[in-house]
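Quick look at what Swiss-Prot annotates:
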| type | residues | note |
| --- | --- | --- |
| TRANSMEM | 33-53 | transmembrane segment |
| TRANSMEM | 77-98 | transmembrane segment |
| BINDING | 83, 182 | heme b b562 binding site |
| BINDING | 97, 196 | heme b b566 binding site |
| TRANSMEM | 113-133 | transmembrane segment |
| TRANSMEM | 178-198 | transmembrane segment |
| BINDING | 201 | ubiquinone binding site |
| TRANSMEM | 226-246 | transmembrane segment |
| TRANSMEM | 288-308 | transmembrane segment |
| TRANSMEM | 320-340 | transmembrane segment |
| TRANSMEM | 347-367 | transmembrane segment |
């Protein structure tokens, strides 16, 4: 009898994707983040579904409904904090996953890479809209500030913002539509993930050396299933430590105050995972310029396949590029720190320098270093 795993039309697809998939024999723990992101997405969809059963998307009752979830629903506090901190874990895994792609030259699979960048945008949009839902002070003012950025678009800006708001300010209509979008987007993300995997399995995985590994492949199961399970257990451990010991560590205290359009918080700032982009936005004194820099700070990832000048794919054997990569990482940490600081003397100039350095490293310095390393290869 033929194995059902290899003949059944549906199970066959799963088999080719997760069981009999030929994988390089030398992929390190940096390749675990894809599966971790999948687990994060599942956690977010499940916890989000249970939250949606008790949440009301109305300005009068949204804040109270979140309080009700935390106080009266069985393990509601656990579901709520798993969802909030699950988003942080999602972004940590995302940043590490993208960083791995940059370091090892995975962006040369450009369909997979571009779908990945679109996924990053979709997850960021979902997270932003989710942050608005509890209808605390930071939810309301964050929504006001970020949606207002669209008014910088010439000619149609103001009309566009009012159309998104569903009125002349962030109000009931805005909250309702944000809830609708926040609910539907994760399912769109799931579909995009399948496309992402489809393109990845056309080429097969990259590996740390950046060399073609066709001559040395091993089956995904049991080798990488076991490895992924270890990663998943560690992810859940870190998430549960965060949820059970310090659930509000990454949140903003202002969001425990119900939204009040008449009272602006002293420092409006987004969640930690948006701070680097927020710092780039604030570093340009012009509104339209800031918005363009904000969008380009993420969109620039799509340029990496074009900007790749090296004869080698991975940075494994390129110490100068490695050095520049870690300077870029340090620069992103600096931007994240600046994004959370008030707009005053030392922070403004540090933010501007870090923003200039960010774009310079990617657009000029790294391609130049790659060309120099090519020269070094000619003995």
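Note that the numbers count up from 1, one per residue, in the order the chain is shown.
Here the Cβ of each residue, glycine as well, is placed from N, Cα and C on the backbone.
Everything Swiss-Prot records as a feature, shown here on the structure.
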residue: 83; record: heme b b562 binding site; Cβ contacts under 8 Å, 6 or more apart: 44, 47, 48, 51
residue: 97; record: heme b b566 binding site; Cβ contacts under 8 Å, 6 or more apart: 33, 34, 37
residue: 182; record: heme b b562 binding site; Cβ contacts under 8 Å, 6 or more apart: 48, 126, 129, 130, 133
residue: 196; record: heme b b566 binding site; Cβ contacts under 8 Å, 6 or more apart: 112, 115, 116, 119
residue: 201; record: ubiquinone binding site; Cβ contacts under 8 Å, 6 or more apart: 16, 17, 21
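Residues of the same chain lying 6 or more positions beyond the ends of the transmembrane segment (113-133) and with a Cβ under 8 Å from any Cβ of it are 55, 57, 62, 66, 87, 90-91, 94, 98, 101, 106-107, 139-140, 142-143, 146, 174-175, 178-179, 181-182, 185-186, 188-189, 192-193, 195-196, 199, 270-271, 273-274, 298-299, 301-302, 304-305.
A helical conformation is recorded for the residue listed as 'ubiquinone binding site' in the three-state DSSP classification. Counted as Cβ pairs under 8 Å, contacts with the transmembrane segment (288-308) are highest for 347-367 among 33-53, 178-198, 347-367. The list of residues near the transmembrane segment (33-53) in space but at least 6 beyond its ends in sequence, with Cβ under 8 angstroms from a Cβ of it, reads 69, 79-80, 82-83, 86-87, 89-90, 93-94, 96-97, 100, 182-183, 186-187, 189-190, 193, 228, 231-232, 235-236, 239.
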